Amino acid sequence: MAIREILTVPDPILKEVSQPVDQVDDDLRELMDDMLQTMYAADGIGLAAIQVGVPKRVIVMDLAGSDEEAKPRYFVNPVLSDPSDTLKPYEEGCLSVPTVYDEIERPDRIHIQYLDYDGNECEEIAEGMFAVCIQHEMDHLEGVLFIDYLSRLKRQRAVQKVKKVEKSKDRDAA
């Protein structure tokens, strides 16, 4: 397993639409293992493959709290359907938009179909934080970031803030 670099805005790769996975094999499982290790190292709760530069329809997630045992989840070729009419606001952040948080409204319940780590077909209803997180990560697979839901001014400020943070990190590393 390896920790991979997480791409940040305004990297154009983040705007690419991810492609379906043909099969769940050892190479894909290695990618998912790397993604999970990368997500944990960055203190995230979800990560899409495109965020590590791989345009495949793969998501890893772990919504366990810091005082709970890890509960990793894997979603290959996920498909969302039947969103609830009820929208709820949640404050979202993103490993690809570090230090930026804002409130986004999303359906609080949604149906999801996917392949798991072993390639088994699964389906379930996502609610609450799980629903928010899976929709956020699914947006990544379509080349959409949570800041795309914000006003143009807020989006520009977010990108500038990330550039400043990244520049500061580069200076500190030198």
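Yeah, the Cβs are placed from backbone N, Cα and C, and that goes for glycine too.
Now, the feature entries from Swiss-Prot:
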{"type": "ACT_SITE", "residues": "E137", "note": "active site"}
{"type": "BINDING", "residues": "C94, H136, H140", "note": "Fe cation binding site"}
*asked:* Distance check, please: Cα of C94 (Fe cation binding site) against Cα of E137 (active site), rounded to an integer number of angstrom.
replied: 9
*Extra residues within 8 Å (Cβ to Cβ centroid of C94, H136, H140), Fe cation*: G46, A48, Q51, E92, L95, S96, E137, D139, L145, F146
*Going by DSSP, give the three-state secondary structure for C94 (Fe cation binding site).*
coil
*Under 8 Å by Cβ from the residue listed as 'active site', same chain, sequence gap 6 or more*: G46, L47, A48, I59, M61, F75
*Tell me which residues of the chain lie with their Cβ under 8 angstroms from that of H136 (Fe cation binding site), as long as they are six or more apart in sequence?*
G46, E92, C94, I104, R106, F146
*Compile a sequence-ordered list of residues in the same chain as H140 (Fe cation binding site), six or more apart from it, whose Cβ lies below 8 A from its Cβ; state 'none' when nothing qualifies.*
L14, S18, A48, I50, Q51, I59, S96
